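These come from TrEMBL:
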DOMAIN    B:12-155  domain 'Aspartate/ornithine carbamoyltransferase carbamoyl-P binding'
BINDING   B:ARG64, B:THR65, B:ARG114, B:HIS142, B:GLN145, B:GLY271, B:PRO272  carbamoyl phosphate binding site
BINDING   B:LYS92, B:ARG175, B:ARG230  L-aspartate binding site
DOMAIN    B:161-309  domain 'Aspartate/ornithine carbamoyltransferase Asp/Orn-binding'
Amino acid sequence: MTPKATILTSDEVRRALTRIAHEIIERNKGAQQLALIGVHTRGIPLAARLAQKLSELEGVDVPTGMLDITLYRDDLSEVAQQPIIRETQVPFDLRDRRVVLVDDVLYTGRTVRAALDALIDLGRPAGIQLAVLVDRGHRELPIRADYVGKNLPTAANEVVKVKVQETDGVDSVELWDLEALR
Amino acid sequence: MNAPVSMGPRPRNLLDFQDWTPERLTAILDNADTMLQVLDRPVKKVPALQGLTVCNAFFENSTRTRTSFELAARRMSADVLTFAAGASSVNKGESLRDTLEVLTSYKVDAYIVRHHASGAAHLVAKYSGKPVINAGDGRRAHPTQALLDAYTVRQEFGSLEGKTVAILGDVRHSRVARSNAELLPKLGAKVVLCGPATLLPAGLAALPGVTLTTDPREAVRGAHAVMALRLQRERMTGGFLGSLQEYADTYQVNERLMQEAESGAVVLHPGPMNRDLEISGEAADGPRSRILKQVENGQAIRMSVLYHLLVGRE
């Protein structure tokens, strides 16, 4: 099985993340008081990489965390027979911090809504921004990303697969036909 | 997001552990870690059970189990209907089945049942058609208590594999002992049940991973956790004991007896305690005691059980 198209190669993923890191610095006038929180699963390594880039560019260690949104989903009765709960770890105080929520793909917006609810239950950040590697459209909620690696208009019967070195051994973004994956 | 195949089909109820695979039981313990984190946050609540109504149907007196379940359900955002038999039409002669029909008409989504009769939770499961969690039925089972006991021991030692849990006292009348004897070996631990011969049903020795002894020193030797059971005098209809003093002298969990256990062994008690009878005040309050930890863990375990039974696709 092969993807319909390769949207981002390894180098392009790297460049997209570098650009996002610059945009984060630009918008926040530096990296002080920032925090990066990755949404399970692939948002976590992407958040870690952005933190590394911010550190290289600004000389600031930006704290990172991981967020599982399972208990906040609005489709828990449909998503799986037994939705799996993963680890949430935010080992710093959110108060007065500007949090950048990081995910791989922005689609309906429901994951981000759940993540916002989960995050606000953990504390009261000064603000929350959203960074995604791919925005594929089809929003069902009024949510938009502040930082986007690649805007990718898609059809509903297409699947965007993001692969990252840390879990998949390679960095790439691919477009697949849903039928081909069934 | 699908559950691993090895977990097996999802049981509809938690009445005992018969239909529950070790993998699924381990998942309940694993998810309790997350629930403990929720309980440690400024907002001690998640919306996972929003829109569902859980009925706390308690036909037998209970304080800690009832409040623990009630809080657990509320922490998961369920609505809770608490039904206490003492203040209900059960006292006017209404049958369990009729009571259930009334409760079901309130659109209850799940039942948590405590009853003095063994098998009552099965009956509720049969007639209600909704998921049922057994919160203690007669002498038969108290699965969430056993899960929180297992969780407390795992929390202490990292794993239950190869650990020994000694359970001392009134085994005959204890649903806690039975459920622990059923659960702990499924998770890799050994169970030693100990008490006077009159309170130690020989049939329990047939359970895998379970041994029986009337000698408390032998029971505790090498144990990683020692659980004292409440002497259930209200359930004793015959002369099971010579005297309470004699019982305390022999079977009380105290510092002297704990010297026989592993050096890092912990003391457990399902509560409520008869201090200085089945457990000494020193052991109950001492550094080895994890009795309050059990209470705290109980809420997290019950949240996890509710999640496992009520969340997800049919």
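Note that Cβ sites are derived from N, Cα and C of the backbone, with glycine treated the same way.
Note that the coordinates shown come from a computational prediction; the quantities given were computed from them, not determined experimentally.
Secondary structure from DSSP puts B:HIS142 (carbamoyl phosphate binding site) in coil. Each residue of the domain 'Aspartate/ornithine carbamoyltransferase Asp/Orn-binding' (B:161-309) gets a DSSP state, and the totals for helix, strand and coil are 64 helix, 25 strand, 60 coil. Neighbour density at the Cβ, taken as the number of other Cβ atoms within 10 Å, is lowest among the binding-site residues B:ARG64, B:ARG114, B:HIS142, B:ARG175 for B:ARG64. In this structure the C-alpha atoms belonging to B:GLN145 (carbamoyl phosphate binding site) and B:ARG175 (L-aspartate binding site) are separated by 9 Å. DSSP states for the domain 'Aspartate/ornithine carbamoyltransferase carbamoyl-P binding' (B:12-155), grouped as helix (H, G, I), strand (E, B) and coil, give 68 helix, 26 strand, 50 coil. The record assigns B:ARG64, B:THR65, B:ARG114, B:HIS142, B:GLN145, B:GLY271, B:PRO272 to the carbamoyl phosphate site; their largest pairwise CA distance measures 16 Å. Distances between the Cα of B:ARG230 (L-aspartate binding site) and those of the binding-site residues B:ARG64, B:THR65, B:HIS142, B:GLY271 are shortest for B:GLY271.
Look at the Cβ of each of the binding-site residues B:GLY271, B:PRO272 and count the other Cβ atoms within 10 Å; the largest number goes with B:GLY271. On the backbone, the CA of B:ARG114 (carbamoyl phosphate binding site) and the CA of B:ARG175 (L-aspartate binding site) stand 12 Å apart. Apart from the site residues B:ARG64, B:THR65, B:ARG114, B:HIS142, B:GLN145, B:GLY271, B:PRO272, the chain places the Cβ of B:SER62, B:SER68, B:ALA135, B:GLY136, B:VAL176, B:PRO270 no farther than 8 Å from the centroid of the site's Cβ atoms, the recorded carbamoyl phosphate location. Sequence-distant contacts (6 or more apart, same chain, Cβ under 8 Å) of B:THR65 (carbamoyl phosphate binding site) comprise B:ARG114, B:ALA135, B:GLY136, B:THR144, B:GLN145, B:GLY298. Less than 8 angstroms from a Cβ of chain A: among the binding-site residues B:ARG64, B:HIS142, B:ARG230, that describes none of them.
Distance noted between the C-alpha atoms of B:HIS142 (carbamoyl phosphate binding site) and B:ARG175 (L-aspartate binding site) is 6 Å.
For the pair formed by B:GLY271 (carbamoyl phosphate binding site) and B:ARG175 (L-aspartate binding site), distance between Cα atoms is given as 13 Å, rounded to the nearest Å.
Ranking the binding-site residues B:GLN145, B:ARG230 by how many Cβ atoms sit within 10 Å of each one's Cβ puts B:GLN145 at the top.
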